[in-house]
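Trainee: Please see the structure below; I have some questions.
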Amino acid sequence: MSETPVETAVPAPSSGEAVKAAPLPAGHPPVKPRRIGVLLVNLGTPDGTGYWPMWRYLREFLSDPRVIELSRAIWYPILYGLVLTTRPQKSGDNYKKIWNREKDESPLRTYTRSQAEKLADALADLPEVRVEWGMRYGNPSTRNAVQRLFDQGCDRILTFPLYPQYSATTTATANDQLFRALMKMRHAPAVRSVPPYYDEPAYIDALARSMTAALARLDFEPEVVLASYHGIPKPYFDKGDPYHCHCMKTTRLLREKLGWDEKRLITTFQSRFGAQEWLQPYTDKTVERLAGEGVKSMAIVNPGFSVDCIETLDEIGREVRDEFLHAGGEKFAHIPCLNDSPEGMEVIEAMVRRELHGWI
Ligand SMILES: C=CC1=C(C)c2cc3[nH]c(cc4nc(cc5[nH]c(cc1n2)c(C)c5CCC(=O)O)C(CCC(=O)O)=C4C)c(C)c3C=C
Ligand SMILES: [Fe+2]
Ligand SMILES: [Fe+2]
């Protein structure tokens, strides 16, 4: 077998040479142009609000040993016997309240798609780059997204788990899933992963600008703002997950940027699941306590969520709002996530361009 003339057939994009393919030997498998894929990865979301789409989504999510660390012998009877018999209905009813009816999908999917489309536009000056998006759980799957990039000739993939703060329950499992997809491929692309960006000046700056603009649109000035992050079980933190530290640092930097003190911007943790202790202070308990202490106006921002989703729109925007108002609060606002806003896209683009160094 003669040597495969790949380097003459397809010059590396970084070489600056004009792409002029030399003829391949007869019978040689096709050689694609060498491109670079950028893959935006988010958590995932159900395909519908009915019982079975919710069941499939929750089963995949809650079967992940990165998310639930209990032994399978203990967890599976609880998952199949209890959680998956009740939660699909209850969560499905909540998803109905925030569903994007126009597109018949959840906001998380709408925003993630839009982020990918806007990023592709922003990177139009890099013709060798292709952008795709995928989910850790559900659709579009990470595997399909990787395949789409490969089919376009990407032999290098920059994957971007869209979580500012690292957690094994989110970032690590997104990367696991990417490598699971590569395990099935003969010609597996080289991979880089965008690191957590909880203290990146571009991210802190974008959050501060987006918060300032959202607060300026309100007809009141909140006495307190909560920076509410998704929680994780406390034992995960005790065993070394750095998520809590990342969240605390994001809030501190945000406070410094805004020039606020510790009473004005408070870190809390939301979205508990199951009976064990999660990271504290809890968002709901803090809201009740503050209302009990006489706080009448409050806003909540969710710096740990790159896009609005069930946990921000329904849990904060409806449940926690109601709790605050019932406990004596009078004015409440939920500050939108960065989403596909110009500020949000600046962060994504800045991180991607930085991490592409050396490839372009
Ligand atoms: C033990 C269970 C869970 C852990 C640990 C967990 C960590 C975690 N999750 C996010 C971000 C999101 N979670 C979302 C939904 C969601 N999360 C859990 C459970 C755990 N999350 C469940 C069961 C659900 C589904 C909704 C429900 O039934 O209540 C979402 C929203 C998805 C959407 O479709 O809108 C996001 C985003 C982070 C950042 C995190 C740890 C840091
Ligand atoms: Fe979650
Ligand atoms: Fe810490």
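Glycine is no exception: its Cβ is also placed from the backbone N, Cα and C atoms.
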Trainee: If you check TrEMBL, which stretch out of 1-26, 287-312, 313-338 is marked region 'Disordered'?
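Mentor: When 1-26, 287-312, 313-338 are checked in TrEMBL, region 'Disordered' belongs to 1-26.
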Trainee: Using DSSP with the three-state reduction, classify E311 (Fe(2+) binding site) as helix, strand or coil.
Mentor: helix
